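Undergrad: The region 'Disordered' annotation in TrEMBL covers 1-24, 363-401. Residues or ranges marked as compositional bias 'Basic and acidic residues' by TrEMBL: 11-24. Residues or ranges marked as domain 'Deacetylase sirtuin-type' by TrEMBL: 86-326. Sequence annotations record features per position, and here TrEMBL assigns active site, proton acceptor to 184. Taken from TrEMBL, the feature Zn(2+) binding site covers 192, 195, 222, 225. Summarising the annotation, TrEMBL assigns compositional bias 'Gly residues' to 372-385. Per TrEMBL, compositional bias 'Basic residues' is recorded for 389-401.
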């Protein structure tokens, strides 16, 4: 009807006016922050009267900028590496040794920090695992810490190992498969999820060169059903669903029974999110005692019985000395991956470019002819290798997982 206002045009004008006001407010705030930040960089004695007046006029901005600086300083301190001095380190390792002796069910959580001695970067990012690793991880060998963990398990002092690492070094150290949960997968293992149960193929090379987040096909196919093989890696933002090598059931069962948890070389920023690993549903007095070995701050530090600031290899060497246990050397000819590996079919020989794990010259022949034309291993309720112990090849055993 004539004479009635155009409500549509009116609301559009109001919306535009509001948006313009918000833009002007943000611009004013930006200029205010820039002005105050410039003034705060000066010593108080160097500021003019006009600048001092500006600070009084923009007190809210001053407080916000000061709060930001405090947060930046806290973050910087958390990222700094701290080393215990020699005396403190020995004292702390002595306390850890006593806890290991007294533990009824000790579980170890490991992060990338235990692999730095193998030249594998200890973080992800532009210069981290997913970029530098391509040229280093296939040449890496189990570190002193890996070998210590294996030996502690053989001495019945460690019941389970939960690892964030995908470098396969725990398996290659000889740690039995049933004792290990590789929560983020294993770079030497590809699987066929079309088979039931899931069929596993252990390889002598990194299977991930064609894979990425949300794209896990390796380009090879299952010899049994023809289904596409996929890697086992769990990337950021993904949820791991494979029974093996992730072995979440083993990890949660071990955490439930643990009376001592030893964290080695992990920032715990990812592991802290897995509630089943920390028994947080129990009263604090009934939770496992927590021991952390890491150079940087972790979000679990306040809950730790003891925090040791030291490199993992240094701490583990002292620990084994305290426990009077000899540290075995890694022997490439006895690497379990060599015996567990499934050889490629002739038409797959050109399906990879990464460097092979191979025994030293004159060692065991691991060519496809010597290993036979295998077809993978069913891993859910079926057969899978348990690795080596004390330099002897262990028989494969049927394990229900």
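From the backbone N, Cα and C atoms, a Cβ is placed for every residue, glycine too.
Just so you know, TrEMBL annotations are computer predictions that nobody has curated.
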Undergrad: Which of 195, 225 (the binding-site residues) has the most other Cβ atoms within 10 Å?
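TA: Comparing the binding-site residues 195, 225, the most crowded Cβ belongs to 195.
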Undergrad: Do you know offhand how many angstrom separate the residue listed as 'active site, proton acceptor' and residue 225 (Zn(2+) binding site) by C-alpha?
TA: 26
Undergrad: What is the Cβ neighbour count of residue 184 (active site, proton acceptor) at a 10 Å cut-off, with all protein chains included?
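TA: Residue 184 (active site, proton acceptor): 20 neighbouring Cβ atoms within 10 Å.
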Undergrad: Using a 10 angstroms cut-off on Cβ to Cβ distances, just flag whichever of 192, 222 is the loneliest among these binding-site residues.
TA: 222
Undergrad: With DSSP as the yardstick, break the compositional bias 'Basic and acidic residues' (11-24) down into helix, strand and coil residue counts.
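TA: DSSP classes over the compositional bias 'Basic and acidic residues' (11-24) add up to 14 helix, 0 strand, 0 coil.
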Undergrad: Give, as a single whole number between 0 and 100, the mean pLDDT over the domain 'Deacetylase sirtuin-type' (86-326).
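TA: Its mean pLDDT is 90.
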